[in-house]
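Student: First, the structure itself, so that you have it in front of you.
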Amino acid sequence: MTDHSSDKTALVLFSGGQDSATCLAWALARFARVETIGFDYGQRHLIELECRARLLDGFRAISDDWAAKLGDNHTLTIPTLAEISDTALTRDVAIAMGADGLPNTFVPGRNLIFLNFAAALAYRRGITDIVGGMCETDYSGYPDCRNDTIQALQTALSLGMARDITLHTPLMWRDKAATWQLAQDLGGDALVDLIREDSHTCYLGERGARHDWGYGCGECPACRLRAKGWIEYASGI
């Protein structure tokens, strides 16, 4: 379950969703200490943020080693992002595809802003390793999730802070089925069950409908990706 390959501390972008929970387990397997950061940016619901505390409690219950490694959990409020983002994640509007081929769930600059704030916090705390759940395999086409974007930002952050910053994206080339499998490899059935029960992916914030893969509306793009990945993972495809 653990791989003591580093005596360093990592900061994980931890939203309370499936991907960030899996990334947290990945970081706990590789770093001596792990801190987490989440963002209240005026999203239309706060379900994911509410899931964070339950997930962290679950991680501590799964492994004494993980419990010992888990450090501070930070939450930053960025209301300005919602003020300049007219999207389905920050407004009560129907999810639809735009003329540019992107769904209106895309919040322009969100990951760029998150990573800049995370890097600023990491700098103050002497951390140079930041972990995020960005992925360009099973994803909605968001340009700020692409590997080229992350690599460019890593260079910019390192130059701007005069410090070698490493942005780790362990899910970048994994589809959702492989992400479920990674959770299994890192924490066994206990971690998979925790992610199913207590993580949240649904864009609409639905927690009333329970599926094999967890809670959600089952219809939004995020739910469909999560469900498809679960079916493929569970069937061994």
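Note: Cβ is positioned from N, Cα and C throughout, glycine not excepted.
Below, the features straight out of Swiss-Prot:
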- Phe14, Ser15, Gly16, Gly17, Gln18, Asp19, Ser20, Ala21, Thr22, Cys23, Leu24: ATP binding site (BINDING)
- Cys202, Cys217, Cys220, Cys223: Zn(2+) binding site (BINDING)
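Help me picture where these features are in the structure shown.
Tutor: Within the same chain, residues at least 6 positions away in sequence whose Cβ sits under 8 Å from that of Gln18 (ATP binding site) are Lys176, Thr179, Ile195, Ser199, Thr201, Gly214, Arg226.
Cβ contacts within 10 Å of Cys217 (Zn(2+) binding site), excluding its own Cβ and spanning all protein chains shown: 18.
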Student: Quick one: give me the count of other CB atoms within 10 A of the CB of Cys220 (Zn(2+) binding site).
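Tutor: For Cys220 (Zn(2+) binding site), the count of other Cβ atoms within 10 Å is 21.
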Student: Long-range same-chain neighbours of Thr22 (ATP binding site), Cβ under 8 Å, sequence gap at least 6?
Tutor: Gly133, Pro170, Leu171, Thr179, Leu182, Ala183, Leu186, Ile195
Student: Between Phe14 (ATP binding site) and Cys223 (Zn(2+) binding site), what is the CA-CA distance rounded to a whole number of Å?
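Tutor: Rounded to the nearest whole number, the Cα-Cα distance is 18 Å.
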Student: Taking the binding-site residues one at a time (Leu24, Cys202, Cys223), which has its Cβ surrounded by the most other Cβ atoms within 10 Å?
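Tutor: Max Cβ neighbours within 10 Å, all protein chains included: Leu24.
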